[in-house]
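J.: Sending over a structure as structure tokens; questions will come in a sec.
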């Protein structure tokens, strides 16, 4: 997810600056929009924008999207975590990483109701403590998600290009240890967000905002520093590592017709690699627009128009939508997840199918039956 920075603003006066007109949403705490109250700078001359020019339809659509993300994301990711814990066969190294990704996504979907509320109220009504928690979750999700996807790509690279080393490296235990390390590393940002996050009364607009509170004298510098660090360490470097890993894997897959001694193992290897690639690609597609938007705004090159602000809203919504897409991808692209999902959702039907399959198998293998020349099974 994207980093929290600026959160929510209240009803402006007759006119407002582009930054002030930004939506009062959860995405508002992305470190993408500097406060126009003297603590930050918009990076360019303010262009007055009538509030009426920002259609309320946009806020309604975004709120509806957040509601869908909340339901689908929370239920879907919780189901993913459940099947990995419940079924022994699902406890593979790759699925341990998927569990970590689902945990981060499930956490951030719990913030959707708060963000939707502030979209509609134009102010943060939930207090200082919850403000810190929500901002921290946003940062944790952003860093743990991209770090986990990076490790999944490295894991696939080792499995495809170094199958011998993979026997020692690719174990569920080591995957769990790496997941713990990812959360510890992400805590350097998440805990900082808890310390710096808080509510602030905007007296000029008579509303409460939830944001990272930088020192007034150096607000612009810290705001820019945060945006650049997030862009570099939570996007550029991980994506470059992922690109290198998959480039090497593609070269390997093209040069070798059979990666392992078994065609079945080879199919599974390619299937899992394809699944991870699709998950990574969807993440990059969902998050690239808002990362670019925030970086451009930080450099002071954003066009402060209604179209630009509307694009900003939808870029953020697209990023959060990613948290609800992964369970759907698993269900369509991975047979094991699909089977476990069906087993959980339709236990009676699946039990009857297994019993039917078992009876057919036992009938075929029953020594009381012999196969005649015409191919018909008849009892002896």
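Every residue gets a Cβ built from N, Cα and C, even glycine.
Feature annotation from Swiss-Prot assigns topological domain 'Extracellular' to 1-57, 120-132, 197-222, 297-311. If you look up Swiss-Prot, you'll see 25, 39 marked as N-linked glycosylation site. Positions annotated as transmembrane segment by Swiss-Prot: 58-85, 96-119, 133-154, 174-196, 223-247, 275-296, 312-333. Per Swiss-Prot, topological domain 'Cytoplasmic' is recorded for 86-95, 155-173, 248-274, 334-380. Residues or ranges marked as disulfide bond in Swiss-Prot (evidence: sequence analysis): 131-210. What Swiss-Prot records for 345 is S-palmitoyl cysteine.
Any idea what these are sitting next to in the structure?
T.: Here the transmembrane segment (58-85) has long-range neighbours at 23, 25-26, 91, 95-96, 98-99, 102-103, 105-106, 108-110, 112-113, 115-116, 119-120, 310, 313-314, 317, 320-321, 323-324, 326-328, 330, 337, 340-341, 344, meaning same-chain residues at least 6 beyond its ends whose C-beta is under 8 angstroms from one of its own.
Residues 152, 155-156, 170-172, 174-175, 272, 276, 336-337, 340, 344 of the same chain lie 6 or more positions beyond the ends of the topological domain 'Cytoplasmic' (86-95) yet place their CB under 8 Å from a CB of it.
Same-chain residues lying 6+ beyond the ends of the transmembrane segment (96-119) with a Cβ under 8 Å from its Cβ atoms: 1, 7-8, 23-28, 59, 62-63, 66-67, 69-70, 73-74, 77-78, 80-81, 84-85, 125-126, 130, 134, 137-138, 140-141, 144-145, 148-149, 151-152, 155, 172, 175-176, 178-179, 182, 210, 279, 320, 322-324, 326-327, 330.
If you take every residue in the topological domain 'Extracellular' (120-132) and average the pLDDT, you get 89.
The local packing around residue 131 (disulfide bond), expressed as other Cβ atoms within 10 Å of its Cβ over all shown chains, amounts to 25.
Counting only same-chain residues 6+ beyond the ends of the transmembrane segment (133-154), those with a CB under 8 A from a CB of the stretch are 1-4, 7, 26, 29, 94, 97-98, 100-101, 103-105, 107-108, 110-111, 114-115, 126, 178-179, 182-183, 185-187, 189-194, 197, 210-212, 230, 234-235, 238, 241-242, 245-246, 276, 279-280, 283, 323.
If one looks beyond the transmembrane segment (174-196) by at least 6 residues along the same chain, the residues whose Cβ comes under 8 Å of a Cβ in the stretch are 3-4, 93-94, 96-97, 99-100, 132-133, 135-136, 138-140, 143-144, 147-148, 151, 155, 212-214.
For the topological domain 'Extracellular' (197-222), residue counts in helix, strand and coil come to 4 helix, 12 strand, 10 coil, using DSSP.
Listed as Cβ neighbours of the transmembrane segment (275-296) (distance under 8 Å, sequence separation of 6 or more from its ends, same chain) are residues 2, 27, 30-32, 94, 101, 145-146, 149, 152-153, 155-156, 227-228, 230-231, 235, 239, 242, 246, 302, 311-312, 315-316, 318-319, 321-322, 325-326, 329-330, 333-334.
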J.: Whole-number Å only: compute the distance from the Cα of residue 131 (disulfide bond) to the Cα of residue 345 (S-palmitoyl cysteine).
T.: 36
J.: At the level of the C-alpha atoms, what whole-angstrom distance separates residue 345 (S-palmitoyl cysteine) and residue 210 (disulfide bond)?
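T.: About 39 Å separate the Cα atoms of these two residues.
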J.: Per DSSP, what is the residue count of the topological domain 'Cytoplasmic' (155-173) in each of helix, strand and coil?
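T.: Taking each residue of the topological domain 'Cytoplasmic' (155-173) in turn, the totals are 16 helix, 0 strand, 3 coil.
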J.: When the number of other CB atoms within 10 A of each residue's CB is tallied over all shown chains, which of the recorded positions 210, 345 has the maximum?
T.: 210
